[in-house]
Amino acid sequence: MRQVIAGLLVAGMVAWGVPGVASAAPDIPPVSDAARAAGLVDVRTVVPDAVIDLRYATSNNFVGVAMYPADARCLVAQSMADGLRTAAGILRADGDVLVFWDCYRPHAVQVQMYEVVSEPGWVSKPGPYARSHEAGLSVDVTLAHDGALVDMGTGFDEFTPRAHAYATEGVSPAAQANRTRLRDAMAAGGFTVYEGEWWHFDAPGAYANHPILDVPVN
């Protein structure tokens, strides 16, 4: 069954699924002073046709409650911009668009998540430094094509072996191929998949020790 995406924020006044999208980013409000000082940008200024579906701004997540405000934005480190443009361009040529499930994540939210799932293989233990999502250097993404999510074999934050990036058992050949397509495009942009989660990609330096950011997501 096709999972049709409805009501999500599609950045840019562009035709979905049309190869060769070249529209400029729409009028996107500036990020907060704190976000700008931290070197964070709204991903829609980088990938104009991105679909934003921040699961932690809704109750549709493993915690079961919204942990971001409803107007949360997908913020990423400026250093990720060129790589995300590259990945999105490769995927766009085949009619695919990136769907962003999570981007920069405040430290307080990481603490809240770890209280629910205290398994470091699935949720990173909060520490004295910002890493990965907390540093704005990781994204959780999937693909959409013709307005529907592409079959990846599992949903988001499914804490099972099938969610492993290279899983084969219980994952159809078509879903494996879709994961490979996403992985290859992200790799071309310089990102590395986290093997435990097919949707999680890290930029260079994601696991270095960065100062904890106190930046709102809206």
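Every residue gets a Cβ built from N, Cα and C, even glycine.
Site annotation (TrEMBL): Zn(2+) is bound by Asp140, His200, and the candidate from His133, His210 recorded at this site is His133. It is 11 Å from the Cα atom of Asp140 (Zn(2+) binding site) to that of Arg105 (site 'Transition state stabilizer').
Cβ crowding, taken as the number of other Cβ atoms within 10 Å, peaks at Asp140 among the recorded positions Asp140, Glu197. Residues His133, Asp140, His200 make up the record's Zn(2+) site, and a Cβ search at 8 Å around their centroid adds Trp101, Asp102, Cys103, Arg105, Ser132, Ser138, Val139, Tyr194, Glu197, Trp199, Phe201 from the same chain.
In this structure the C-alpha atoms belonging to His133 (Zn(2+) binding site) and Arg105 (site 'Transition state stabilizer') are separated by 5 Å.
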